[in-house]
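Note sheet for the following structure.
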């Protein structure tokens, strides 16, 4: 009786952790989602500002016949610094939030570019002409913002420590192996039609970019997550899978940039931006759902609202880019006459 009584007293003194754990874990998940979303939004916003600064630098040098090379101006270097800062923010965001949340937030860069383009426009417009010219941009920005809000609000809350063991387990899981098989077959077919049959349709080229991009973001999340864990004290850099993911991340990013460069030589940048965003986001979310099981355990309402947010963001980006003027060709960023020449 004494032992039973003491055991009962001991159990009564234990804190009621079981009922509090789910709520605290959910609060932690939402907090991590918010941190990741804010980092991604900040990163895309800063990158957009950086690109516009560098574009402004090139246009100003071309317009004033300034003999200086672009890399000798403070504006260009400021743009480069901001671009690196923004990319670092986007990279870090993958360590905190699910891949399915971070990828669609690249719409922020399209919104920011549209707003910056309107603010710094040079021409004088009458109010009626201005409204008629930019009504689609305003509507597109509004839709993209609403879509982004829905994405952040109804994003999946799946969080997992990016340890080498967990990543290896996901890498050899049968759903991801099946997904990789389908993706490799599709990629080879598209590459065959593009290279051998000379099919240069924009959807074909940007599908190649999107398929490579889906692997890029999967590996970026793994590398970023393992780096953050290592900084927090749980060393992951001694795991071979870290370097496998790092090599895959660099390789897919390089080939992705190559296909994007080829597409930019054949099609308008606004068309590439809208079609590329839709295809890349769709395939990347699918890859995240298969590899990281982002939507496992999510209820149907959250998934439907998240999908609705994606569709609204897609429509917003399409309207923004559809209203852009076609870019006027000017001297490329890196030209032979801008490089220092060793005169002997």
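Keep in mind that glycine also has a Cβ here, set from the backbone N, Cα and C atoms.
Those TrEMBL annotations? Automatic predictions, nothing curated.
TrEMBL lists 35-54 (among others) with the feature transmembrane segment. A Cβ distance under 8 Å defines the sequence-distant neighbours of the transmembrane segment (35-54), meaning residues of its chain 6+ beyond its ends; these are 70, 75-76, 78-83, 85-98, 101-102, 105-106, 108-109, 112-113, 116-117, 120, 148, 152, 155, 333.
What TrEMBL lists as transmembrane segment is 75-96 (among others). Within its own chain, the transmembrane segment (75-96) has Cβ neighbours under 8 Å at 32-33, 35-37, 39-40, 42-51, 53-54, 56-57, 60, 102, 162, 217, 220-221, 224-225, 227-228, counting only residues six or more beyond its boundaries.
Packing against the transmembrane segment (102-121) from elsewhere in the chain are residues 36-37, 40-41, 44-45, 47-49, 51-52, 56, 90, 93-94, 134, 137, 140-141, 144-145, 147-148, 151-152, 217, 221, 273, 277, 280-281, 284-285, 288, 309-310, 313, 316-317, 320-321, 324: each is 6 or more residues past its ends and has a CB under 8 Å from a CB in it. Residues annotated as transmembrane segment in TrEMBL: 102-121 (among others).
What TrEMBL lists as transmembrane segment is 133-152 (among others). Long-range Cβ contacts of the transmembrane segment (133-152) within its own chain (Cβ-Cβ under 8 Å, at least 6 residues beyond either end) map to 33-34, 37, 41, 101, 104-105, 107-108, 110-111, 114-115, 118, 125, 305-306, 308-323.
Taken from TrEMBL, the feature transmembrane segment applies to 172-194 (among others).
Counting same-chain residues at least six beyond the ends of the transmembrane segment (201-229), those with a Cβ under 8 angstroms from any Cβ of the stretch are 91-92, 94-96, 99, 102-103, 161-164, 167, 183, 186-187, 190-191, 193-194, 235-237, 239, 241-242, 245-246, 248-249, 252-253, 255-256, 259-260, 262-263, 266-267, 271-272, 275-276, 279-280, 282-284, 286-288, 291-292. The feature transmembrane segment is assigned by TrEMBL to 201-229 (among others).
Summarising the annotation, TrEMBL assigns transmembrane segment to 241-259 (among others). Within the chain, the transmembrane segment (241-259) has long-range Cβ neighbours (under 8 A, six or more residues past its boundaries) at 164, 167-168, 171, 205-206, 208-209, 212-213, 215-216, 219-220, 222-223, 226.
According to TrEMBL, the transmembrane segment annotation covers 271-293 (among others).
Look at TrEMBL and you will find 299-320 (among others) tagged as transmembrane segment. Taking Cβ pairs closer than 8 Å, the transmembrane segment (299-320) reaches residues 100, 104, 107, 110-111, 114, 136-137, 139-151, 153-156, 273-274, 277-278, 281-282, 285 in its own chain, all 6 or more past its ends.
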